[in-house]
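Asker: The S-adenosyl-L-methionine binding site feature in Swiss-Prot is assigned to E43, D68, E101, N124; the stated evidence is sequence analysis. The annotation substrate binding site is assigned in Swiss-Prot to K128, D160.
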Amino acid sequence: MRLRKKPWARPALEACSFFVINPTEYKGKWREVFGNSNEIWLELGCGKGGFISKLASTNPDKNFIAVDIKDEVLALAMKKIENEYALIGAETKNIRLMAHEIMLIHRMLDENDQIGRIFINFCNPWPKNRHKARRLTHPNQLNQYRTFLAPNGQIWFKTDDTMLFQDSIKYFEQCNFNIVYLTEDLHASGFEGNIETEHERMFLEQGCKIKFLIAEKK
């Protein structure tokens, strides 16, 4: 569903202490942004922020970068993050939110950033053959991620789409990743540590099984 234009979104984001206006300026320097050497985790397509707000607020020993493209959705994520941290009385020191085109993620990250973990949750499946190169798990993208993933860095991937999941398994293998965990029914698998996204709850209510894998950089 398309979000309505929110004129207040960009001014609110620019006034936010954890929003990064020009992320490409910090390519290779993200540890300096956070002011420590803690491992950095990255969510590509953070949406309304339900996932990243819980993950970041409960892992203060990690740093988090959350990326999406639309100001309207990022403004909702900003509010979700602020509320989640307020609930536990914590400061938003370990998270940064930004607008950036994910297909061009290499413009804001490089090998000096050593990302420990990437999360891709319920991305657009792009089912038509002519659009498949736009998938966030397509080899074109995976090869970008490899450049800034740390040794043994991981990609955690969730989807409700069977075709995308099956194709993505091939993509990961093709791009020299080890698949270290895989299930076609996450919520029946006994896997611990899952944080549900807004889309995930919706798909579960519809009776969909959630597919999930962890791929590790060789």
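Every residue, even glycine, has its Cβ placed from backbone N, Cα and C.
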Asker: For the recorded S-adenosyl-L-methionine site, whose residues are E43, D68, E101, N124, find every other residue on that chain with a C-beta no more than 8 angstroms from the centre of their C-beta atoms, and list them by sequence position.
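Answerer: Apart from the listed residues, the neighbours are L44, G45, C46, G47, V67, I69, I102, C123, L136.
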Asker: Which one of these binding-site residues has the most other Cβ atoms within 10 Å of its own Cβ: D68, D160?
Answerer: D68
Asker: Sequence gap of 6 or more, Cβ distance under 8 Å: name the residues on the same chain that satisfy this around N124 (S-adenosyl-L-methionine binding site), in order along the sequence.
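Answerer: Correct list: R134, R135, L136.
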Asker: Using only the Cα atoms of E43, D68, E101, N124, which the record gives as binding S-adenosyl-L-methionine, return the largest interatomic distance in Å, rounded to a whole number.
Answerer: 15
Asker: Sorted by position, what residues of the same chain at least six away from E43 (S-adenosyl-L-methionine binding site) have a C-beta under 8 A from it?
Answerer: F51, I52, L55, F64, I65, A66, V67, I118, F119, I120, N121
Asker: Rounded to the nearest Å, what's the C-alpha distance separating E101 (S-adenosyl-L-methionine binding site) and K128 (substrate binding site)? Just drop the number here, would you?
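Answerer: Between the Cα atoms of E101 (S-adenosyl-L-methionine binding site) and K128 (substrate binding site), the distance comes to 21 Å.
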Asker: Return only the integer: C-alpha distance in Å from D160 (substrate binding site) to D68 (S-adenosyl-L-methionine binding site).
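Answerer: Rounded to a whole number, the Cα-Cα distance is 20 Å.
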Asker: Roughly how many Å lie between the Cα atoms of D68 (S-adenosyl-L-methionine binding site) and K128 (substrate binding site), rounded to a whole value?
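Answerer: Distance between the two Cα atoms comes out at 23 Å.
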